[in-house]
């Protein structure tokens, strides 16, 4: 019997919480324009309790997790009783096209996650492992673009009675078929031109889920005309507020950032983002401390301190709690030098 099967046959595994991840598979990659342009892996996670959900992770997050696990469970860890053979993470690649690199990593990262989730239960219960596979509020707000490696999910629903309340039916999201559509699998909905399809969900930008004549399935948006769309959803875009100071004027600009509000960026990524947005290279990044004085950001540690100090402060919805104050690199008059 394989090690993973032995572990799952033991009572320790049965006593794990239902929300512990037991399998994970990469469904797609997507480009994100966060503090810097990058690709994320869209990962379908399955839990012991049978739940499924999607999470979005960068390679650097895999690397950070592996580093922590090596400290705790590697051959040189202080807790030798908990040491185990950790899976190998594919190495960093420093040169190449980002999308091609991400695509090439998928098989190795899938194998990495499979091996990781087959380790002893104390690894599965490790705080950083659980956080890595946990669906954060940011993850849950994302709308997957394609999920090329998974079929779009569907669900069973009760059929809508033709004798049902006609007012309720007319208020429901619905679409009219423009063309005949015959699905390639039982997951896909068949309909004829002119059919009115009641909409259940938006799978992604190209596919919808709906029901017609008691059947439920997915279908391409291009085959229908929307008669009544879904209610408008809250825009999931987060914004970084920047105060830009020139010699005689200052301006405020909010930059759209596809990152979790709780994330901590790297200084080089913030510099790249602001230089691109303000079309200036000779700038310095700052934040205001508790006394209201400007403090220049010189390292990743400074950025982490800025983020920590902003936690708990009141902030607007979709706006990072910390703000950037952008000054000219050689202008030191903006700093308070009084003791």
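All residue numbers here begin at 1 and follow the chain in the order shown.
Keep in mind that glycine also has a Cβ here, set from the backbone N, Cα and C atoms.
Taken from Swiss-Prot, the feature domain 'PX' covers 19-140, and the record attributes it to sequence analysis.
Annotation source Swiss-Prot lists phosphothreonine at 154, citing experimental evidence.
Per Swiss-Prot, the feature domain 'SH3' maps to 170-229; the stated evidence is sequence analysis.
Here the domain 'PB1' (237-329) has, by DSSP, the following mix of helix, strand and coil residues: 23 helix, 31 strand, 39 coil. Per Swiss-Prot, domain 'PB1' is recorded for 237-329.
The annotation phosphoserine is assigned in Swiss-Prot to 315.
Taking the Cβ of residue 315 (phosphoserine) as centre and 10 Å as the limit, one finds 15 other Cβ atoms among all the protein chains shown. Mean pLDDT of the predicted structure over the domain 'SH3' (170-229): 88. DSSP states for the domain 'SH3' (170-229), grouped as helix (H, G, I), strand (E, B) and coil, give 5 helix, 31 strand, 24 coil.
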